[in-house]
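Notes for the one structure printed next.
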């Protein structure tokens, strides 16, 4: 069942995104700047219709199973990207399982050098801080290497420090250097706007769940930084979500023993940790998707009201009070 639309509340309850107005006459003497125009939403006569993208988001086309057998379903950019990601994940899992001993032998020289180096643990921390900025990636590879070189305990401590410092640095950079771009994405990207609304309403709980979900940390950190999340709340959620990194460190530590040499306890622990991590990731993603769908009507209605307010401001700037005269 589609959500109720429009949302059942008055205009005074709207959370309107900001649409800056460009004016050629703003610099002329005696003219008013568009930012000085106060618009009361109650005065607006008619809310603009949803755009095609908003219509598609509100009422998505139902899935047709017959499309699976068409070339268009498989040969498009989104599907090809998904297939590539799945293929890479399967290849990585098979390679890690079948060629575990060969991988360990290849990494042994670098592992011994890093382990014996004074303050060698700073190297993976520095790498993880740099990789915290999009579009870079590779945290999992560094975590596996840390588990292989230092073991589960020290390796997890190193990965936790690198992850926390990297995410904190990324959060501060996005907040103080990329705030304008984040606000622009909130105005133009419907999914980003929905995530921002969910984060603002949910606070610490939603931040923590998003940290555990399958949403890339690069993307979620950008959302947190531009949504006004306090830095202490972000730090607390980042610390509490660090156990998510334990599974990759543990996988790296198993490289020191062959698959035949693992004890029954090690195999059970490895599988339990893997299952718990995957379950937490999937459940977190499902929860966030449900919340974003719930706020979607509110977001689109607010976007329409913001366009109406912008149109009203343009009419007032031009000395006209009838919205239809500007159409």
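The backbone N, Cα and C atoms fix where each Cβ goes, and this holds for glycine too.
Annotated features in TrEMBL:
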type	residues	note
REGION	23-56	region 'Disordered'
COMPBIAS	24-34	compositional bias 'Polar residues'
TRANSMEM	79-99	transmembrane segment
TRANSMEM	120-150	transmembrane segment
DOMAIN	139-253	domain 'VTT'
TRANSMEM	156-177	transmembrane segment
TRANSMEM	219-242	transmembrane segment
TRANSMEM	268-288	transmembrane segment
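Under DSSP, the residues of the domain 'VTT' (139-253) split into helix, strand and coil as follows: 102 helix, 0 strand, 13 coil.
Comparing 79-99, 120-150, 156-177, 268-288 for CB pairs under 8 angstroms to the transmembrane segment (219-242), the maximum falls on 156-177.
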